[in-house]
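J.: Before anything else, here's the structure in question.
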Amino acid sequence: MKRLLSALFRSALVLSGFLFIFNLPLILGIGVDSVEIHFDQFWEVVKNNLQFLFQIKDDMYLSLFKQLDITGSYQYTMSILLISLTGIILIAMVTMVLIMIAPEKIRIYLKNGVNFFEAVPDLLIIFLFQFFVISLYKATGFKFLRLYGVFGVKPYFIPIITVSFLPLFLLLQFLIQVITEEQNQLYVLYVKAKGIGRLRTLLIHMIRNILPLIVLQLRTVIWVLLSNIYLVEHMFNINGFTKQFVIIIYQGGDFASLVACLLMLSLPLLVIEAAGWLVSKRIKGTEAVSL
Amino acid sequence: MRRYKKTIIGSSLLLIILLMSCLYPLYGPADFNQKVLIHDENGRVIDRAPFPPSEEHWLGTTRNGEDVHWVLLYGVKFTLIAAFSVAVLRVIFGGIVGIIISLWAPFLKRYFKDFFLTMRYIPSILIAIILMIPIKFPDDVAISSIVTYQLIILVFIGFPSVTVFAADITDELLKTSFVQSSYLMGAGNFHIIKRQLLPYMRSYGILFTVQQILSTLQIIMQLSIFELFLGGANRAGIFGYDDPYGRPKLASMSYEWAGLIGQNFTEFTQMPWIVFAPLLGFFVLILIINMIKKELENNILGVQLMKTKRKRKKEKPLPAAQTHTGKFDFLHD
């Protein structure tokens, strides 16, 4: 009973936080020469929003949402997300192994190179890719890389590469850091003393041990990917899910559509968070057993 | 030992840029050397702006014929001041609330996280766009109120994460033995804050501020792509811009760097210098700040490492020679 009450209370809190955040512009009205604060209007709108959310029988409910091409665009955006995510994980793993088995001197340079990309703003990367593709087109006259999403075309290759460029380095940096820490563990020393090679230790023992940490880190990667996809779809004018989102925001879509869109957008994060929760529970369980 | 070489170099670089930008009216041309048309000796028009980078125009000119390097020099102060003040305000508000939550109301932390749960699942750029929409179509309001509104929103976006961070760090510090023994000897919360937490708060506060400057710069830049410029938009639009649909393209009012990137991002096929100059400038700013951040992080982490190393030295086992219990020892073996 107590748990149920607290769960109810907390979900009410989440809902009120949501309403508060998205109606904040109503509290802060922009006056002629100062920012005015009015709560009454805010309260009215919040009440309206709440009523609207629970009025499912209404015909107007999700009207704009139903008009838009939601499934197609959502499929597109999510497939970009998934492809980039798998690509990032694979490439980051392979590169990490390559860096770790490289000679010491080269390894330091490579690590510094990876660290450099931490500071690069995402827009710079998007611009550079755009510039690269267009100058390639100008130089060769061939249009083999689709960039813009005009006339309903949905390009895959360039958006995926653009979107996953920076998250790749983010994950790679994390992997290198984690594996360097893992090298100080006693079992690595023991395995080395037993005469097992470095590559075998790395591939079989260490990677298996850092897998849970990678799952936890994937949340950040997905987060960055989502905001990158949003930027890229806007800048390349691709008719993806985020485009529908913009339409809903600017054309005064109802509150329920906004909520539905946001939920759909944060679905991957929820999934990966659930995975992370399971993994961390399992680790804690095994630790308790080993103690 | 702690070294602040990079921090000092980086912050003095930023300060020099800021000063040069603030003193711009004293030495720079007020109209940014505006020149739209070029005439030959007979007075015929031979060329019109924008001009590519050349000896005369170091970084090229805008569509309006203004020198890009003067415009950049004029506008950078707004970028720097805005990012810095937003970061400081986030850290002050977030830090105070975080410490209060951690010291006086630990149960609130869960509920605080729940209340701002939305922010954990929706990328901040989306929230920022939704919250910034009112400034896109303002009805003749003063710039000051637009800027105030934008600053409030920018501070608000970063506030929850800073608060949770600050509360987490304070929780960690409260577990340390020196704070615990201080409590045992009867110290109150205010005394703990003043004596034990303040020295930590200084270093963490500076580190947080630098991190928040970085994230503010990023979000300002991303917002500008959606024509949500810091300091409002000029509705007359970019001079000489022909949109296929006949809409005027909004221009940044303040010549602030992020705004310059956002207003020109469609033009880079024909005039790459207009976008790439502010973009590379922004990159340099972020590099400098990131350098400072790295050094500060290393300093804070490095101190902890040093402490653990010292501890380890003390815990060295006694040399084996002393454990001899035989009747005699070989002095030379």
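Using the three backbone atoms N, Cα and C, a Cβ is placed for every residue, glycine included.
Below, the features straight out of TrEMBL:
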| type | residues | note |
| --- | --- | --- |
| TRANSMEM | A:12-32 | transmembrane segment |
| TRANSMEM | A:76-102 | transmembrane segment |
| DOMAIN | A:105-284 | domain 'ABC transmembrane type-1' |
| TRANSMEM | A:114-136 | transmembrane segment |
| TRANSMEM | A:156-176 | transmembrane segment |
| TRANSMEM | A:210-231 | transmembrane segment |
| TRANSMEM | A:255-279 | transmembrane segment |
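Could you tell me the structural context for the features on the list?
T.: With a cut-off of 8 Å between Cβ atoms, the residues of this chain six or more beyond the transmembrane segment (A:12-32) that come close are 38-39, 41-42, 45-46, 49-50, 258-259.
Taking Cβ pairs closer than 8 Å, the transmembrane segment (A:76-102) reaches residues 110-111, 114, 154, 156, 159-160, 163-164, 167-168, 171-172, 175-176, 179, 198-199, 202-203, 207, 214, 218, 221-222, 225-226, 229, 233, 238, 240-242, 268 in its own chain, all 6 or more past its ends.
Residues 77, 80-81, 84-85, 88-89, 122-123, 126, 159, 162-164, 166-167, 170-171, 174-175, 178-179, 182, 240, 242, 265, 268-269, 272-273, 275-276, 279-280, 282-283 of the same chain, all 6+ positions outside the transmembrane segment (A:210-231), place their C-beta atoms under 8 angstroms from a C-beta of that stretch.
Remote same-chain residues near the transmembrane segment (A:255-279) are listed as 18, 22, 49, 52-53, 61-62, 64-65, 70, 74, 78, 81, 212, 215-216, 218-219, 222-223, 226, 241-242, 244-245, 248-249 (criterion: CB distance under 8 Å, separation of at least six residues from the stretch ends).
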